[in-house]
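TrEMBL annotations:
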type     : residues                                                                                       : note
TRANSMEM : 18-36                                                                                          : transmembrane segment
DOMAIN   : 109-345                                                                                        : domain 'Sulfotransferase'
ACT_SITE : Lys118                                                                                         : active site, for sulfotransferase activity
BINDING  : Lys118, Gly119, Gly120, Thr121, Arg122, Arg199, Ser207, Lys324, Gly325, Arg326, Met327, His328 : 3'-phosphoadenylyl sulfate binding site
DISULFID : Cys307-Cys319                                                                                  : disulfide bond
Amino acid sequence: MASFYHPHQDFRRLLQKLLVMFSIGIVCVSLFYFLAGCCESEVVEEAVMRHSSQLSLTGWQHEKNGTLYKNFITVPNLGAGSPSVGESSAPGWETNGLGKDWTAVRRLPQALIIGVKKGGTRALLEFLRLHPDIRALGSEPHFFDRHYARGLNWYRSLMPKALDGQIVMEKTPRYFVTAETPARIHAMSKEIKLIVVVRDPITRAISDYTQIISKTPNIPSFENLTFKNRTTGQIDSLWSPIWIGMYAQHLERWLTYFPLSQIHFVHGERLITDPAGELGRVQDFLGLQRIITDKHFYFNKTKGFPCLKKPEGSSKPHCLGKTKGRMHPKINPEVIRRLRDFYQPHNLKFYQMAGQDFGWH
């Protein structure tokens, strides 16, 4: 039988094939854009999440100070036209990609508590560590008087890590009376700030002796050690508890290297009776906001000096250790009178050099 050619059927089949191919193409293109869009959204979401985790930080715990330093940072507009991220008000950030990264490093100190022994240096250091802008070494490194040969890199390695803008400091009371230390400290930093806690040299000497007999109880009495000759009444000015209290003699060396404006004297007696006032003046000297105030202290009648009120989350307040606030031995009033006469010219000279009268009469 003869077959007939139908051009309309061929055209219809061709049209169907083209329609199927077109539909498949549309599906493929749609699938490609769908998958590409998902990947892109995941990348963007991850970047934004990472960026937000860096910029929404509201506080951090200091490594050793134990104080919470809070900073509130604004997350910038990430929409079109934003050229860069917003700037943080907190120090210590370094630009890195979308955000910034906290960077704490070990630095040489910018301030030192250099003396005096038994003047109240430990109390001052503990009080100052309440300030979020102070990073203080807890122990006494004795670098400039005993370990100077180890070098500044060794000294730096002892310091706590600090953010940019925080003040690093340490305390070693022996620095004030060691002849070599002013020149050595000046060689490290000409701009360093120096803090000296001073108290009545007689009370300081008795406190010093009290610490000595706690470790070596079989030594002679305070009265016997005070005099070269008890009969003539000549004071032994080379005996360490007496010699340290000759403040003017020691201060002369420091003023050879540092102007008086870089030395702050803390009144040891007022550190006990008005700790907030003394701490306020120290914060001013260091160029810091007055954050440590009278709300941080209470007077412990048993110990006879102020303690820190309990911080949040602590069950009891913080007082200095058992070695602080020891009972002093009773000293013969005649010995006290002779010491008062001995120290009077030294004290007057010190008042003149320091520019203030500490009232040790």
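FYI, residue positions are counted from 1 along the chain as it appears here.
Every residue, even glycine, has its Cβ placed from backbone N, Cα and C.
Remember, TrEMBL labels are computer predictions, not curated facts.
By a simple count of nearby Cβ atoms, those within 10 Å, the most crowded of the recorded positions Lys118, Arg122 is Lys118. Summary: among the recorded positions (Cys307, Cys319, Met327), the fewest other C-beta atoms within 10 A of the C-beta are counted at Met327. Counting Cβ atoms from all protein chains shown, Ser207 (3'-phosphoadenylyl sulfate binding site) has 20 others lying within 10 Å of its own Cβ. Between the CA atoms of Cys307 (disulfide bond) and Arg122 (3'-phosphoadenylyl sulfate binding site) there is a gap of 12 Å, rounded to the nearest whole number. Lys118 (active site, for sulfotransferase activity) is 14 Å away from Met327 (3'-phosphoadenylyl sulfate binding site) when you measure Cα to Cα. Confidence for the domain 'Sulfotransferase' (109-345), expressed as mean pLDDT, is 92. Checked against Cys319 (disulfide bond), the recorded positions Lys118, Gly120, Arg122, Ser207 differ in C-alpha distance, with Arg122 being the nearest. Cα of Lys118 (active site, for sulfotransferase activity) to Cα of Ser207 (3'-phosphoadenylyl sulfate binding site): a span of 6 Å.
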